[in-house]
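Listed in TrEMBL for this protein:
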- 5-388: domain 'Major facilitator superfamily (MFS) profile' (DOMAIN)
- 39-59: transmembrane segment (TRANSMEM)
- 71-89: transmembrane segment (TRANSMEM)
- 95-117: transmembrane segment (TRANSMEM)
- 129-152: transmembrane segment (TRANSMEM)
- 158-179: transmembrane segment (TRANSMEM)
- 200-221: transmembrane segment (TRANSMEM)
- 233-255: transmembrane segment (TRANSMEM)
- 267-287: transmembrane segment (TRANSMEM)
- 293-316: transmembrane segment (TRANSMEM)
- 328-348: transmembrane segment (TRANSMEM)
- 360-380: transmembrane segment (TRANSMEM)
Amino acid sequence: MTRRLFGTLCGLVFLVNLGRVVFAPLVETLQAEFGVGPAAVGLLTTLVWFGTALPRIPVGVLLSRVPRHHVVLGTGVLLAAGSAAAATAPTLPVLQAAAFVIGLSTGAYFVAAVPLVGELYPDAVGRAVGIHGTAAQVAAVAAPTLVVTVFADDWRGVFWLLGAGALLGTAVLFVLTVRSDGSAPAATGPDRDFVGALRYWREIALGVVLVSALGFVWQGVFNFYVSYLLTKGVSSATAGGLLTALFAAGVPAFWASGRLADRLPHVPYVLAIHAGFVCCLFALTLATTPVALLVVSLAFGLVAHGLFPALDAYLLGALPSGNRSGAYALYSGLALLLEANGSGAVGLLRGAGIPFDTVFRSFGVGLAVLLVALVGLYIAGRLPRTKRESPRYSE
């Protein structure tokens, strides 16, 4: 049952992440379709990620009463409904509302599914989360290809495909849970102590700071990646290929980073990823040739996507079983409320006439200042450490 459940979750997370990232390669298409500028489409992508953030804490409370796999079933149905609405949207406001619904389904899914994955394999949390994340990242790689090739003449088709896949995946999960006849792993049950998760506010706060700062910038970068590359003089086809490379690098990144997170001290490892992210961001603004842009895109994708399994492994490994869903809901919900503003901020700054390079370099300076502060706090012993990093550390 454990393997079949895990395999089904990997299939569902592919579809869930496809719903979140499919709008990025559609930015130029949607601007032309609805006759709007980058700010309006930036709001669209922001709504997806706001939708991803908003249900996380409420769902964390819900999980104190409802088994995780029941919540996952509900998210599959909601994803199918949002996808159908997007496929039939006659106006941009309707599409924005559909994008928000898709975001809601993805946010609820991750709160229920990620702690479940960690508890299905408690002795290899990083590896399990990494494989689950790899499945999600395959969707990010597939999104530009689906848009540019399969659905080049009809962008709505990708949402019909997404909706059908969501219904199929939900049906498979339902059949598995019915056939299990009560033999599902205990990890699929509810978490009874949501309020108790607040005792681990230091771990949650550190996770929020680390992921929200990088996530804010990452949202702005990848959602406008094609538009940015076009300003560097590359063709639309090349820009789409580089976006694919950016996401493709995330496939080995999730796999490798999850395993490294099981072996390395968590906080120093995450801070090293933060430093690599800053370097890649500045390198992106300096690269001009297609070869240089390809190298930077691959490196950037490796570093950025390596952050997520590293932080998930840190939090899931630092928290007891009864608090994992609650703490993860608080962490991811608060972080994504901040992250979700990234693409909207870049859209507004671009609409004001500020060049992409100036925007991204300013972001890089801010991240560098934050990194110096975090390293100083870690050296001073002011950041929470896991038992692996300090035998004297106590939860």
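Cβ atoms here come from the backbone N, Cα and C positions, even for glycine.
Between the transmembrane segment (360-380) and the transmembrane segment (71-89), fewer than three CB pairs separated by 6 or more residues in sequence fall under 8 Å, so the two stretches do not touch. If one looks beyond the transmembrane segment (293-316) by at least 6 residues along the same chain, the residues whose Cβ comes under 8 Å of a Cβ in the stretch are 114-115, 118, 125-126, 129-130, 133, 137, 203-204, 207, 210-211, 214, 218, 221, 229, 232, 234, 242-243, 245-250, 252-254, 256-258, 260-262, 266-267, 269-270, 273-274, 276-277, 280-281, 283-284, 287, 324, 327-328, 331, 386.
With a cut-off of 8 Å on Cβ pairs spaced 6 or more residues apart, the transmembrane segment (328-348) and the transmembrane segment (129-152) reach fewer than 3 such pairs and are scored as not touching. Looking just at the domain 'Major facilitator superfamily (MFS) profile' (5-388), the mean pLDDT is 87. Remote same-chain partners of the transmembrane segment (129-152), defined as residues 6 or more beyond its termini with a Cβ less than 8 Å from a stretch Cβ, comprise 6, 9-11, 13-18, 21-22, 24-26, 29, 113-114, 117-118, 158, 161, 237, 240-241, 243-244, 247-248, 250-251, 253-259, 261, 305, 308-309, 312-313, 316.
Long-range contacts of the transmembrane segment (71-89) within the same chain, counting only residues at least 6 positions beyond its ends with a Cβ under 8 Å from a Cβ of the stretch, are 9, 12, 15-16, 19, 59, 62-63, 95, 97-102, 104-106, 108-109, 111-113, 116, 156-157, 159-160, 162-164, 166-167, 169-170, 173-174, 177. Within its own chain, the transmembrane segment (200-221) has Cβ neighbours under 8 Å at 45-46, 49, 228, 267, 270, 274, 277, 281, 284, 300, 304, 307-308, 311, 314-315, 318-319, 323, 327, 330-331, 334-336, 338-343, 345-346, 359-360, 363-364, 366-367, 370, 374, 383-384, 395, counting only residues six or more beyond its boundaries.
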